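Colleague: According to TrEMBL, the feature compositional bias 'Basic and acidic residues' maps to 1-14. According to TrEMBL, the feature region 'Disordered' maps to 1-25. As annotated by TrEMBL, compositional bias 'Low complexity' applies to 16-25. The transmembrane segment feature in TrEMBL is assigned to 68-90. Look at TrEMBL and you will find 169-273 tagged as domain 'AB hydrolase-1'.
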Amino acid sequence: MRKRTEPVTLEHESCAASGSSSSGSAASALDADCRLKQNLRLAGKGSAEPCCAADVGMKRTLGRRKGLWFRLRKILLCVLGFYIAIPFLVKLCPGIQAKLIFLNFVRVPYFIDLKKPQDQGLNHTCNYYLQPEEDVTIGVWHTIPAVWWKNAQGKDQMWYEDALASNHPVILYLHGNAGTRGGDHRVELYKVLSSLGYHVVTFDYRGWGDSIGTPSERGMTYDALHVFDWIKARSGDNPVYIWGHSLGTGVATNLVRRLCERETPPDALILESPFTNIREEAKSHPFSVIYRYFPGFDWFFLDPITSSGIKFANDENVKHISCPLLILHAEDDPVVPFQLGRKLYNIAAPSRSFRDFKVQFIPFHSDLGYRHKYIYKSPELPRILREFLGKSEPERQH
């Protein structure tokens, strides 16, 4: 009996040992599997974090781009709205166009005392005030020939007025829009003309500089007529020439046409950088470039000028002028296109009113760089004036 049970016991122990061994290996496998899954979860978390950060960065970039585009679109819409609104504003308020033509509110250079022309280097110039109409006062500068500058020191207005009767021609200078009679390029021209032996009388139209009144084409022309008559009453038989520049050419032709109609023409008319009429000049002006092809440009921008009573019709006026005419124009003029000056000459030259008078057009090559207001720099100007005016060059100061 004992022998029989031993093998059974051994077999049971063997099985138990075997079972214990297989149970341990299963546990080990289970632990390994758990560790693997844990490692995978950890690895998954580590890779997900950079992915989430990249997504957040991309969203921020896209958000910034959308914000920038929104602001840019808003700005563009505002500019477009402003661009479209301006023509309607000009049409509804024609006075805006008049302001832009005259630019009398632009006073350049600033902070100068027009009562003291000597501050601008004109130590042989006197400041006057004349009254063309009630409630209108205009400031006038009278520069005498440079050869007299020593004698002029400390002299009063009466002395300057008496000097107009001396044996020297007089130039009445009519300046363009913007600025005053003390503008830099204008002062330089006065100096050139004075050095050539001319009296130079210039003034600010009503509403310009320190002159009192409201600007208008009629008022500007009347101011010029008043100053011309004031000069003629004091200059005796001395020649009086009228020189207009830019917008001042419109005033000049208005004035000379009126003088010719009353049979008291000037001795000559000089037009520097002239246009044909204000409508063509406005259409050709650099400021009109952005609207030149706008639908209804004439109706929006040019008709309000006409309705304001502003014409400055040089092309019509020259048909009624009977005195020598000299036109000076730079080919590189960016304000009044050269072709408008040429066109005005082509209208004036064959006109019957000029059949007994000299009509001359002098172009200045673009390489010279005289542009709109620097023709006074030309070393040829004294010769041009001497030959055109038909007189020997007045004595210069040395």
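Heads up, the Cβ atoms here are built off N, Cα and C, so glycines get one too.
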Colleague: What does the DSSP secondary structure composition of the domain 'AB hydrolase-1' (169-273) look like, as residue counts for helix, strand and coil?
Modeller: 46 helix, 22 strand, 37 coil
Colleague: On the 0 to 100 scale, where does the mean pLDDT of the domain 'AB hydrolase-1' (169-273) fall?
Modeller: 97
